[in-house]
Amino acid sequence: MKTTAEIRQSFLDFFHSKGHQVVESSSLVPENDPTLLFTNAGMNQFKDVFLGMDKRPYSRATTAQRCVRPGGKHNDLENVGYTARHHTFFEMLGNFSFGDYFKQDAINFAWEYLTSPQWLGLPKEKLWVTVYETDDEAYNIWNKDVGVPAERIIRIGDNKGSPYASDNFWAMGDTGPCGPCTEIFYDHGDHIWGGPPGSPEEDGDRYIEIWNVVFMQFNRLADGTMEKLPRPSVDTGMGLERISAVLQHVNSNYEIDIFKTLIAKTAEIVGATDLTNKSLRVIADHIRSCAYLIADGVIPSNEGRGYVLRRIIRRAVRHGHLLGAKESFFYKLVPTLIDVMAEAGKDVKAKQTNVEKLLRLEEEQFARTLERGLSLLDEALSQVKDGILSGEVAFKLYDTYGFPLDLTADVCRERNITIDEQAFDRKMEAQRTRAQAASQFGVDYNSVIRVDGETKFEGYTEVESQAKITALFYDGKSVESIEAGQSAVVILENTPFYAESGGQIGDSGYLSTQSVTFNVKDTQKYGQVFGHIGELTQGSLKVGQSVNAIVDAKRRHNTSLNHSATHLLHAALRQILGLHVVQKGSLVSDKALRFDFAQPEAITKEQLSEIETLVNQKIRANFPVQTDIMDIDSAKAKGAMALFGEKYGDKVRVLTMGDFSIELCGGIHAKRTGDIGLFKIITENAVAAGIRRIEAVTGQNAIDWLHNQQRILTQSADLLKSDVNTLAEKIQQLQDKAKKVEKELQGLKEKAAMQAGSYFVKSAVKINGVSVIAQQLDGIETKSLRVMVDDLKNQLGSGVIAFASILDEKVNLVVGVTNDLTAKIKAGELVNLMAQQVGGKGGGRPDMAMAGGSQLENVTQAIKVAQDWLNKNL
């Protein structure tokens, strides 16, 4: 019986024997594709090839692509672990033809791999196929050439409500490449319920789709017209877990070798004995998606990809809690995962320390609120009468206790209760603090400038070139000429201008002739051409005309210093903080550099000083900045670091600075590190959960920054009648003095508050025999109000006190209740009622509670509401 690892390798070996290039799985974070949250299919990394925007040195490829499909807007995730084939993470085996072979070979390859005794050797009589209803070519290949009997070939038409909307017709989008597909199904046998595709029983588990072969032969236009593609292509996908289940003679993916091992290890760690428990399946699935997402650079956070990761981790933690886990357990599965994934586990192994650390930190963070949140949910569920949990409760769990909605849905599912998701959505919309992941992703590929050909870049060695204009764009439209005063995009045949990429800003400068001046404000890349964005200030320009292209050399030079310093900073961070540090974003301009990186913990001042010192040491070492062009595999073998989110071709540019830094980079750099002169960090802070940002300056900008700091220090010392050397000591003396005065003032306020107590006791009103004081006292801080309330409780013996005070444009509320009344009157309940009137919230003990608010105009109303509520409840 083949293991999953052996099946993966045999697939790649088979297609390699058929002339396919074996291509590594791409990252789960799609490169240069804002339309996708995660890589979810094998074709994602080849999307630009299919669109004609990218060229590869091969026309046949095969991959074992890791994919993540975490579910839809809310609670699709709750099904993972409860069905036989629903996963957050899976591997997609695929073979691809880019204008090479088409239907005949694609179908023959699939059949040979599945049925040949040399490969998988599946019984031919167990295989069924579907084709698009009008795809006679595919039908005839299956029937006449391959020999599949007609009764096992099913034509599927438009079954989704509109033309070409079918299970057997695939499209990349509303427009663009599309075409029919043929799917191969495996019949598990009549001991399992279900019918063949297209039948009323097709949702059963007997007939399972194992391979989808897409024939991209049309280009769909905006009006729905289908044009034949000049070079049709093939895109296929076969789920590794599904074919493993077939070959290992099991009906559920969770029974294949990978999952059996992960489930057994989970049970061992948490002390579970029932290996059929659904929670074990959930955890075994989730460790795969979570570990690989972190290895590919995703950090748990409250938005976008990071929030999807957080949802999955928290669901796994909750299921561990159900199994009886008493301590952090999830991260302990990583070594087992690496082992069972075999060759495909190498990316997680390379980041193992960071993966385990982030999983443990996230689990520990959630554990602090898990118990309280579950207690609140349990109480709310016990009061449900109509089988529906209110959206308000679900939102409170989300907002206060960090419960993703699908986690709450998981708990509800176990009690046959649903959630009022519409009410939840209304609360989310009102809050507007956490964006839905899907709202952050989406781009219309047809809206960008599209030009055939490519621009030859000469900027590595030149800052001035003669160049011919190949296209002009005015107001987003292609034009033949532009006139003075018009802003436009100029496309050149060759250029010294660097187009923005890799974090480095685009060059500026000008294009000119004797009678023409076009000021270039920015340079951007559109496919393979460079667009020079700016304004024509003199003369006219037309397509075909030659111009002098002249880069702003000083701006370029300063930018190059900052770019080289960014590489030194990256290497220094990894040396001092650890190899888990990976770039998450950067901006390199002529003024400064900004570098975002993965780092789960705050950086100490000492570490920051070490980092800065190390970078400056490497600057003084005056390493040559060496550039080499090589293939991607050689670069990786040399130890070159590929950056998160960047897209590389087969030939890459490797930038080396001594033995300290080696990275893939297409940017402009200094000739030697000594050219940078000086490196100074000016800010360091967190920009998101697990992501830190450093901003720094170099060269003359660093010197100017230090001069400005010195000027500020000198002015500050003069104001305090001190000198720079004793300034810190002088400030400390002033702070100590201020604290002493503040303490004395607070004592006087508290004394005055206690003396005022007798007045309030006399002004107390009786409600059903209970003394009540409800007053507005402006200008008094919360601490003094609390002292006053405590004193009044002692003086009254029995009573309720509610104070509101306006101070520094804020409302402070304090409520006190004597112990004999807390069974009837809760201070927290009353203070929250008052807080609602002033746009705030608060809480506390039954006998003492505080709140704040911002709506000063409603303070009188808050006091009145308190009086009315006490009249009603006493």
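The backbone N, Cα and C atoms fix where each Cβ goes, and this holds for glycine too.
Quick look at what Swiss-Prot annotates:
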| type | residues | note |
| --- | --- | --- |
| BINDING | HIS563, HIS567, CYS665, HIS669 | Zn(2+) binding site |
CB neighbours of HIS563 (Zn(2+) binding site) within 10 A?
27
Enter the number of other CB atoms within 10 angstroms of the CB of HIS567 (Zn(2+) binding site).
25
So which other residues, same chain and not among HIS563, HIS567, CYS665, HIS669, have a Cβ within 8 Å of the centroid of the Cβ atoms at the Zn(2+) site?
GLN504, SER560, SER564, THR566, VAL625, LEU655, GLU663, GLY667, ILE668
Around the Cβ of HIS669 (Zn(2+) binding site), how many other Cβ atoms lie within 10 Å? Please give the count over every shown protein chain.
25
Determine, from DSSP, whether HIS563 (Zn(2+) binding site) sits in helix, strand or coil.
helix
